[in-house]
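Quick notes on the structure that follows.
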Amino acid sequence: MGIRKKTNKNPPVLSHEFVIQNHADIVSCVAMVFLLGLMFEVTSKFAVLFITVQYNVTISTNGPEETAVNHFHHGIKDLATTFFYMLVAIIMHAIIQEYVLDKINRKKHFSKTKHSKFNESGQLSAFYLFSFGWGASILLSEKLLSNPVTLWEGYPHTLMPFQLKFYFICQLGYWLHAMPELYFQKTKKEDISRRLGYIFLYLVHIGGAYLLNLNRLGLVLLVLHYFVELLFHVSRLVYFSNESRQTGFTIWAVLFVLGRLLTLSLSVLTVGFGLATSDNQGFDLAAGNFNVIFVRITVLAAICLTQAFMMWKFINFQLRRWREHAQAQTLKKKPHRVGGASHAADSPRARKEKSS
């Protein structure tokens, strides 16, 4: 769907079809209201809650030259900021759909099934590429990969640099926008439950890492997961353009299994060992400390169950691909045998037998 061109048929105003056809324009107008609110003193304080990142804390660093560094923590006002960037995600979704994916669809003439999967993979590929690149740059700037101990050292990590907090806000905004997009895209009923399933898992895990101050671990796991998912959806896009190109799926299958093992290893290392042996244990809501055994077990259980569920889906996907490949090979052999039989029937010996 997306920013649609004008058609001869004009649906009734505020009807379902009208909202679907013009949803990007409607959302753009709503977002513009917040931006215009910044221009007036009366409304600027209200508009700022939606557009800018809240809960700024200035910290002075000790050194030869004392400098001030801005950090941020989370709070209830983040809901307003997440809502605004959900609107931005809807607009970006419409732009990618209209100016990229729809043009490719018109050239390729995909079937309805392929059309839906192509749109899904196209949108997710763009998002995963952007999120992976942005997340990797934060990991490098914060030096989280060079020193894994920082994943749990100094917990609770209540203060975040601007880029890290804004990253989580945008992640939550994107996955929240995916729910109204099910309506805007006229998603088939049989696909709604599947998409709602992974949207729910993303929101629970990202929101959980953000609220429990496990943002460093959450960032590492998101970057790892997004890289593997990016490879899958790019491979699917290549497969739709040429069904003989399936090398990407093989590479993805190997990296998928390694990704699950690495996710479990990092989670157990951080939550099961790092936080369990930390001196700063106890439940303190005001200080943002959730380092108690119940929370640790719940976090590990959620991660392990999710990884097990993903492996189960992965195994079913591979089995289905192998069955489809076996059926395709069988169908290729049958016409060959039929053709061989008809060729044998037209041979000189067969013609001689018929004449006799």
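Backbone N, Cα and C define each Cβ position, glycine as well.
Automated prediction, rather than curation, is the source of TrEMBL annotations.
Annotation comment: TrEMBL describes 83-101 (among others) as transmembrane segment. Beyond the ends of the transmembrane segment (83-101), by six or more residues, the same chain brings 1-4, 23-24, 27-28, 30-31, 34, 50-51, 118-119, 122-123, 126, 169-170, 173-174, 176-177, 180-181, 184 to within a C-beta distance below 8 angstroms of the stretch.
According to TrEMBL, the feature domain 'TLC' maps to 116-325.
Taking Cβ pairs closer than 8 Å, the transmembrane segment (122-140) reaches residues 93, 96-97, 100-101, 104, 161, 163-164, 167, 171, 174, 219-220, 222-223, 226-227, 229-230, 233-234, 237 in its own chain, all 6 or more past its ends. According to TrEMBL, the feature transmembrane segment maps to 122-140 (among others).
The transmembrane segment annotation in TrEMBL covers 196-213 (among others).
Sequence annotations record features per position, and here TrEMBL assigns transmembrane segment to 219-239 (among others).
What TrEMBL lists as transmembrane segment is 251-273 (among others).
Annotation source TrEMBL lists transmembrane segment at 293-315 (among others).
Annotation comment: TrEMBL describes 332-356 as region 'Disordered'.
What TrEMBL lists as compositional bias 'Basic and acidic residues' is 346-356.
Comparison of 196-213, 251-273, 293-315 by number of C-beta pairs under 8 angstroms to the transmembrane segment (219-239) places 251-273 first. In the predicted structure, the domain 'TLC' (116-325) carries a mean pLDDT of 94.
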